[in-house]
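Participant: Here you go, one structure.
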Amino acid sequence: MSARVHAVLVARSGSTSLARLLRALDALAAQTRRPDALTIVACGPSSAMRSSVRVAQSAEAVIETKASTTLASAVALALPRVAKDADLWILTDDCAPAPSALEQLAGALERSPAAAIAAPKLLSDVDEHRIASFGQSMTRLGRAVDPARGELDQGQLDGQDDTLGADVRGLLIRAGRGLRPDPGLGGRDEGLDLGVRARLAGARIVLAPGARIAVDDTTGEGTAADAYARRRAQLHRRLSYAPAAAVPLHWLSLLPLALWRSITHLTGKRPAAVLPEWGAAGVAMVSGSAVARSRRAIKADRSASWASIAPLRMTRAQLRQHLDDGHGTEAGVHEELGFFSGGGAWAVLAALVAGVALFASLLAWPALGGGALLPMRETVAALWRDAAYGQRGFGVGVVGPADPFSGVLAVLGSLWPGAPSFSLVLLWVAALPLAMLGGWFAATRITDRPGLRILAGTVWALAPTFLIALADGRPAAVLLHLLLPWVFHTVLVAQRSWGAAGAASLLTAASLACAPSLAPAFVLLWLIAIVWLLVLRRVRGAVRMVWVLVPSVVVFAPLAIWQAARGTLWALLSDPGAILAAPQATADAAGRLALLGGLPTMDQAGWPALLHAHGAPWVLWLAAPLGVLAVVSTITRRWSVGIGSLLVAATGLATAFAVVGIAVAFTQSQAVPIWPGSALSLAWIGVLGGALVTLDCAITRPTWRGLAALVAAAGVVVCAVPTGVSLVTGEATIHRGELTTLPAYVSAQARGDRELGTLVLTAQPSGALGTTVVWGASATLGAQATMVSTATAPQGVDLTELSVDLVSARQFDAPKALGALGVRFVLVESAADKETSAARSLRLQAGTALDQRTGFVRVGETPRGVLWRMEAAPAARQGLTAGQRATAQLVVAIEIIVLLAALLLSIPTRSSRRAARAVPRAVGVLPERAPRPAKPERERRARPRRKPKTSPESLVIPAVAGAGSADPAGEAPDEQSAPSAQETAAPEPEAESTTSTEALLDAEETDGVAPPESATEVNVDDASEPRTGSAPAKEADE
């Protein structure tokens, strides 16, 4: 005879709690074998339950407790009311047992005397044929696995009756075993833990497939709360199950394991699990009493060894098989990239040939000079030191944040560690093929036509802003132009996956480091994207888009705080690197007209100088065809992509209009406006994207499409001719550079980036004296700091008075004053190309004054100027204070953590690549249109042929006159051979009101995997017929 059964039902408070509870009570009342007693534990307010007549009739008691009480703790509150000889049936308010559930569970315990627990088959209450849980296992490291979860219930598992554990909902625990859920698990894995304890006590858990219980299957998997609960339970079980001698080792490994698992979470594109990982580790470290209680409970009932559990653990191979869902793209469309087959590789190779032809002489140069180009540090360590918070490479006692651009240069110089300065030479030589490659890949987000992709790469590589930056020696503008296509490529799909968001965040940070003046434009576009995603209710995509700017905020935050503290927040927009005072578009109508034509300078792309003419106003119209194509994109079928592209172009153009009138940096006592070419690069990529949309969708005939593309590209090519000629003839600003900006004597003394100070005195054109201290062998590009170039007051130690006294007749101990600052050399720079009389007078006066001072040894005249060395050795350069060192360490640590997180997110994995292949590569692709059905021919009555008149002698009267005697040419079509309208009609296309962003984000809730019904346009070559998905309806009729 079966034992008594006492059911404990744990109910949670909520808007539907009473309805769920009543459903569970109805299911219990319908049982063929009803429980002998029922106790309800209400977690939260229970007034509604207590007032219910149905609850009062069914339950022998209602216990109220806190809403945060776990299931194990709730069951423990009801245990005093459970008789010692009664089996315990654990239920929750979402359980709806089948009528024979309890009978099957009790029968399973009767048939298996060694069984201590009987587990039911849990089914989803949404789909009764879907298994929610049926037996659980765990790996060697303690990871809980539910192998049957999500499978269709076809009876394939009904033959199993042995398992390691099970879901705690619906478990029937035999009386007298003393098995109770462990409150230390925090509400997760209670059933698995009960199964393990039963095994160690010499019993087992048996499966009852006939006991079916419908449960709520929406467990919130993938959320931070779920990750925290799982990890907390796993760590608690690990500390509870481990041998006593190993517990301290496990405790000490909690934080290192949290760090390692955080890295794996980021690599696996699960950033939401990082904070829960650390939270679970912290809770496990302070839960010693809970672990001790669990260990005592196991020890009290244990009669078997841990070897009895080993056969039921899931092996690594089984876990891999369980988690692996295949290698194909069953749910999506696989599109070939076509880089080699589509001619992309040949286009890049052609650009490489052109780059070598333009910059072949550069390969013999040790470094680049001219414009804003400077040498780089001799060692990689010094490059990264310049990129960190601390002492700057100029001035005395100047301590503060480095420009983010210094980090970009450190990465670039690390690619050629033997001679970092030569990395800039290689960058110039490879600039054209790299731009072609970036433009080609950016175009893959717009079109799948190989010809249009090559067009995009060509236009991007020959953009005037890029070629002028190469000719003028603007490394920041060159790097920005090379980075922008990849920003475009990743940001457009950043909402699809964390991998794309991580890559986009790094590229965005690097782009803003090269052009801080684009920050307002980037922020505006970023906010628009987030709002648009929220409007479409793509919350996950919006969260990923938020991350895109997080690394940029982190790397700019120290500099922003530093500038804000001095009231110079606008200085953040300054161009990084060396400040170059060169001709550029002005802030008047003529200058903005040049910007509207895509030109950052006023020389009309150099055509007047090349033609020896007074002007070439027609140059401003060369980019007009590209602009017209971009505007037309707003009325194409992919209008949303066209509008987005035009929004990018308008933002870039507006930024260029604004920055030409903003001057926040100074050089040679002259205020220098911000370079507008960086903003124009942003405008160029927007215009190019819109033009590609038009060529891809609006112009469907290959001939007309090719002609339009040729006209647009021809204008850009013509615009690029003068700059290319200047690079070939050597008339460009860039020239052979040296490895140092100081005399060779100083460079030799400071070899290896020794901290030797050189006081550099420069006669300004106005007759003023410019002064600065350069540390090391040279003034380097990475050592430049906008906190110095934009300063409105002297930074660090003010050298103004000391420098003026040094070049005047005032008598003082100059060597002692300079030596105390760590200065070893004094350099009076040589005259500029066009030296004013005031500057020449000051330079000669300075040289005379230094020759007359004691303690100074004249080294001699050098190409850099006249050099003096002090006889006495100077003091060492003053280091950082304790507070400054702590600040530097904190800033560097935070930046490394955030950038490392972004880098780990961006690393592709097998699953992320598979998910990316399951969605269209191009954005804004609408479902493919079906051709309109062919109109069936109207049935026409067959007209009998008019018979010729014959003579009566030749008249023949047929015996039977029928339709078959008619001419076949005049027969009516056979009903079976003539297709009807229903047979020829294709499915109706989806409404075009669906925006391209909606089509792009169809798979958002499945984390980047598109549903099977998502259709895309078909890959075709330029020479093929118009695509079905983009052809107008009129052509479909034709």
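The backbone N, Cα and C atoms fix where each Cβ goes, glycine too.
So TrEMBL says this about it:
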COMPBIAS  929-940  compositional bias 'Basic and acidic residues'
COMPBIAS  975-999  compositional bias 'Low complexity'
REGION    927-1038  region 'Disordered'
TRANSMEM  239-260  transmembrane segment
TRANSMEM  272-292  transmembrane segment
TRANSMEM  346-368  transmembrane segment
TRANSMEM  422-442  transmembrane segment
TRANSMEM  454-471  transmembrane segment
TRANSMEM  506-534  transmembrane segment
TRANSMEM  546-565  transmembrane segment
TRANSMEM  618-636  transmembrane segment
TRANSMEM  643-666  transmembrane segment
TRANSMEM  672-695  transmembrane segment
TRANSMEM  707-728  transmembrane segment
TRANSMEM  886-907  transmembrane segment
Participant: Can you tell me which parts of the same chain pack against the transmembrane segment (546-565), counting only residues 6+ beyond its ends and a CB-CB cutoff under 8 A?
Facilitator: 271, 389, 400-404, 407, 491, 494, 498, 501-502, 504-506, 508-509, 512-513, 516, 519, 522-523, 526, 530, 571-572, 786-787, 790, 891, 894-895, 898-899, 902, 905
Participant: Look over the recorded stretches 346-368, 454-471, 506-534, 618-636 and say which has the most C-beta pairs under 8 A to the transmembrane segment (707-728).
Facilitator: 454-471
Participant: Under 8 Å for C-beta pairs, could you tell me which stretch among 239-260, 643-666, 672-695, 886-907 has the largest tally with the transmembrane segment (454-471)?
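Facilitator: So the stretch in question is 672-695.
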Participant: Using a Cβ cut-off of under 8 Å, list the residues of the same chain at least 6 residues beyond the transmembrane segment (272-292) that approach it.
Facilitator: 183-184, 186, 222-225, 227-228, 231-232, 234-236, 239-240, 247, 251, 254-255, 257-258, 261-262, 265-266, 901
Participant: Which residues of the chain, 6 or more past the ends of the transmembrane segment (239-260), have a CB below 8 A from one of its CBs?
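Facilitator: Contacts of the transmembrane segment (239-260) (Cβ under 8 Å, skipping residues fewer than 6 from its ends): 142, 182, 184, 196, 277-278, 280-281, 284-285, 287, 291, 294-295, 298, 306.
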Participant: With pairs closer than 6 in sequence left out, are the transmembrane segment (506-534) and the transmembrane segment (643-666) joined by 3 or more CB pairs under 8 Å?
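Facilitator: Contact between the transmembrane segment (643-666) and the transmembrane segment (506-534): present.
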Participant: Which residues of the same chain, at least 6 past either end of the transmembrane segment (618-636), have a Cβ under 8 Å from a Cβ in it?
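Facilitator: Same-chain contacts beyond the flanks: 459, 593-594, 596-599, 604-605, 607, 642-643, 645-646, 649, 686-691, 693-695, 697-698, 708, 711-712, 715-716, 718-719.
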Participant: In the same chain, which residue numbers or ranges, 6 or more beyond the ends of the transmembrane segment (346-368), come under 8 angstroms Cβ to Cβ?
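Facilitator: Contacts with the transmembrane segment (346-368): 375-376, 419, 421-422, 424-425, 428-433, 435-437, 440, 454, 457-458, 461, 473, 724, 727-728, 734, 736-739.
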